[in-house]
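Some features that TrEMBL has for this protein:
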DOMAIN    14-260  domain 'Nodulin-like'
TRANSMEM  80-97  transmembrane segment
TRANSMEM  109-135  transmembrane segment
TRANSMEM  147-168  transmembrane segment
TRANSMEM  174-194  transmembrane segment
TRANSMEM  215-234  transmembrane segment
TRANSMEM  240-261  transmembrane segment
DOMAIN    336-542  domain 'NFD4 C-terminal'
TRANSMEM  342-360  transmembrane segment
TRANSMEM  467-492  transmembrane segment
TRANSMEM  512-535  transmembrane segment
């Protein structure tokens, strides 16, 4: 039964691959954990805040080389892409562990930049392998897929932080050792099970997928609340901390119930309906092609945006004549970058994730400036609230897309306004501001990531999605450089006091106030751009909704005559 129903092309095999994808995402948010060990690097290497921020930029610059992972996604198999990422992360974070644990003397600054860059780049290979494969395996549920996977990326920071706090008393060197070893081990499991699976085009499978994704969402929320409870209950004894760690590992394994249940269903269904299945398979095609906006013609051929927008579907395009693809069709990266919609999405994405990266990279120093010696709680709050932003926006945007054809960029616009409020709260530096600001910024950052992933695939297609995704996330190193490396670094150093042994420090609300004010205005710009994109794509999302409704109706009609009884 195991070999047959957990085969890579079976439904149970597809869900098992999705579970391993969740595990990969749950350990691939290590780029957001810099605050947990940045102070150790700063003191060991006697760095100024500007130099430390430039180290964090080097980490994020690794994502710029994610273009290599994007190019490889259409050439190399998923297991090889995962192996490259895990090996690179093992080397990058392993060397940082050697330095922080003082196994070796601090390396020259430029060498540390290289190893931080390698650690940052490792996640692009993991994310590309997981996102491209899962978006293609679950084409009709891109919002929930993006929300769940990106949600676990958000949780990964809290998972690493809380496990380190529980087992190693917040030791920076132990934390880095976890970042080096755990992702490499988890990726080995994904190498075995994560594959691209041919799509099934029946309404029964569509309904089942929706139910399963609801279960995945529920399990993820339970894990997030479990982590939050550990964070807010203060210090824990050794026994309770170990119990927490065991409980967390058990919860992370609970998604396995879905592929196990699917395998059992397939087994019993095959035994009781073997003859009917054979007859049904003869009548149905093995593969059903899908258009870039989830549309198929009545004969199973691809329905493109050009056919939908033509009067009566009668537009004829000469087969040998090359034309520019319409929005909603498959674009090459060159064709996508020639459109206004791509650049509106790109810059608005920069406004949201760039400023968010600045907060995450500087949380250690922000906490110290406002009188908090331990910032692990704030790192976890950003992570957990980011999870809720990802998980909620993926499912909610999918629901309102099907219900009212609401353009996904409209949710990005809402998050930008809320993010602006978060920066104003942080700039005011009132009691509790850092708690509120961490939650708001984390939530909005999560919304931004989860919404932009399916939006890019709906606007420019899935054919070249791996490369397109990695071009889009160039905003992470770019935003880190602009808002963390330059803006936060220069303004902090201008307010800081130099230390006798090298480096500097700043205590007080004034240290980051101007940084928060500038980033609030940047988010307002992002809000305007998102409104523009929502307006420009309104007709596309109306067609996507109509196409989804049409396919559900036709699938229901086609299945009514099928009777498995003799």
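Placement of Cβ uses the backbone N, Cα and C atoms for every residue, glycine included.
Unlike curated entries, TrEMBL annotations are predicted automatically.
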Query raised in the report: Near the transmembrane segment (80-97), which residues from the same chain, at least 6 beyond its ends, have a CB less than 8 A from one of its CBs?
Result: 24, 30, 37, 41, 62, 69, 72-73, 103, 107, 112, 115-126, 128-129, 173, 176-177, 179-181, 183-184, 187-188, 190-191, 194
Report task. Please indicate, using numbers and ranges, the residues of the same chain that are 6 or more beyond the transmembrane segment (342-360) and have a C-beta under 8 Å from a C-beta there. Result -> 32, 34-35, 60, 336, 366, 379, 382, 409, 412, 415-416, 419, 423, 426, 437-438, 441-442, 444-445, 448-449, 452, 455-456, 459-460, 472, 475-476, 478-480, 482-484, 487-488, 515, 519, 522-523, 525-526, 529-530, 532-533, 536
Report task. Determine whether the transmembrane segment (240-261) and the transmembrane segment (147-168) share at least three Cβ pairs under 8 Å, counting only pairs 6 or more apart in sequence. Result -> yes
Query raised in the report: Is the transmembrane segment (109-135) close to the transmembrane segment (467-492), in the sense of at least 3 CB pairs under 8 angstroms with a sequence gap of 6 or more?
Result: yes
